[in-house]
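Residues or ranges marked as GTP binding site in Swiss-Prot (evidence: similarity to another entry): GLN11, GLU69, SER138, GLY142, THR143, GLY144, ASN204, ASN226. Positions annotated as Mg(2+) binding site by Swiss-Prot, on the basis of similarity to another entry: GLU69. As annotated by Swiss-Prot, region 'Disordered' applies to 425-445. Summarising the annotation, Swiss-Prot assigns compositional bias 'Acidic residues' to 429-445.
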Amino acid sequence: MREILHIQGGQCGNQIGSKFWEVVCDEHGIDPTGRYVGTSDLQLERVNVYYNEASCGRFVPRAVLMDLEPGTMDSVRTGPYGQIFRPDNFVFGQSGAGNNWAKGHYTEGAELIDSVLDVVRKEAENCDCLQGFQVCHSLGGGTGSGMGTLLISKIREEYPDRMMLTFSVFPSPKVSDTVVEPYNATLSVHQLVENADECMVLDNEALYDICFRTLKLTTPSFGDLNHLISATMSGVTCCLRFPGQLNSDLRKLAVNLIPFPRLHFFMVGFAPLTSRGSQMYRPLTVPELTQQMWDSKNMMCAADPRHGRYLTASAMFRGKMSTKEVDEQMINVQNKNSSYFVEWIPNNVKSSVCDIPPRGLSMASTFIGNSTSIQEMFRRVSEQFTAMFRRKAFLHWYTGEGMDEMEFTEAESNMNDLVSEYQQYQDATADEEGEYEEEEELEQE
């Protein structure tokens, strides 16, 4: 079957990742010891996308956990589902990356990377037909960003034809953990543009806003934020794990969402988001889901889709519903808001339907959009980067690990190129495209 190998790195990646496994285990009826306690055959039908079945009948996640310090790993191991992972798949160093991308990418991380790759190979050999990899990491720290991108480039070399999907937590605009986030994030984006196929962009601030505004939580914890992320992660892959009327996989997703190879950074959303108390009082309908899903307040990264245009988008519905109604709603959205979609990609919204809803809901939907407005986020990080780099602030931490200033300059210009590419396609109109073609024809004559 089409397996996906899950890799989580750094503190953020491990925390998101372990939350994700709680959700997926719950959906497939697998208890914290790896035994199946579910009620429906559908839970087991494609359980091998994310799990190996051990000889004793236990299910073991296809997960590789890495970090440069033991702390977060220990808390995963002692957490609710800590005993389900294969002990050999915990790979950790002792030194820590200290929020330094260079340590994660060149020094400390480079020493540990071979042992991580060994585990990845072992897991990949266990697969029948490996579809791809999903990596959870943050771009602001040292391990997830530096070592995460190192691992992605190594896997790219070894498995060039497999999909590489990342769930990347970007530094948020107002809430900053460390002062060097803009450096780490820019260096990481430089890598992700080249080596990843699809990046789901998340950011803490947008997640805080959702918890605060929509879920009415007064003091959201990281656990609450990660719960939102895990709902989305589970939604992205539900088509692979459960039967559906309109299935999609990572490759189909990429083909439908990526018009130009470098523009593969997506905003994600999830519906229904209602506060825990009010869930039971609201009926769920396809139009309601659709409306909430396209709402800019629902996006899990700090960019406003109303400031740009959608190149493409994909909606994954879960639950028993009529596909006709789904299609009608999607067409409706496009017709009503046609100015927010580029007109030179007709039918640029794809939908898929999976029959099994998430636990506790009758229907749900996951939204993935490729919008030019995501440049706001890159632009913001880039401005912060330039402000510090112009003064060469904090650079010695990076050059001390053997990095060259040249690399910073390259990463900066790559990110600025990305921003202007998004801008170029945001401004492009169908008539312009037509004019080019005519000119070319004349030249050929």
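Glycine too: its Cβ is placed from the backbone N, Cα and C atoms.
Feature annotations (Swiss-Prot) mapped to structure.
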| residue | record | Cβ neighbours (10 Å) |
| --- | --- | --- |
| GLN11 | GTP binding site | 24 |
| GLU69 | GTP binding site | 19 |
| SER138 | GTP binding site | 30 |
| GLY142 | GTP binding site | 29 |
| THR143 | GTP binding site | 34 |
| GLY144 | GTP binding site | 32 |
| ASN204 | GTP binding site | 26 |
| ASN226 | GTP binding site | 24 |
Message = If the GTP binders are GLN11, GLU69, SER138, GLY142, THR143, GLY144, ASN204, ASN226 per the record, what's the largest distance between their Cα atoms, in Å?
response = 23
Query = Does DSSP give ASN204 (GTP binding site) helix, strand or coil?
reply = helix
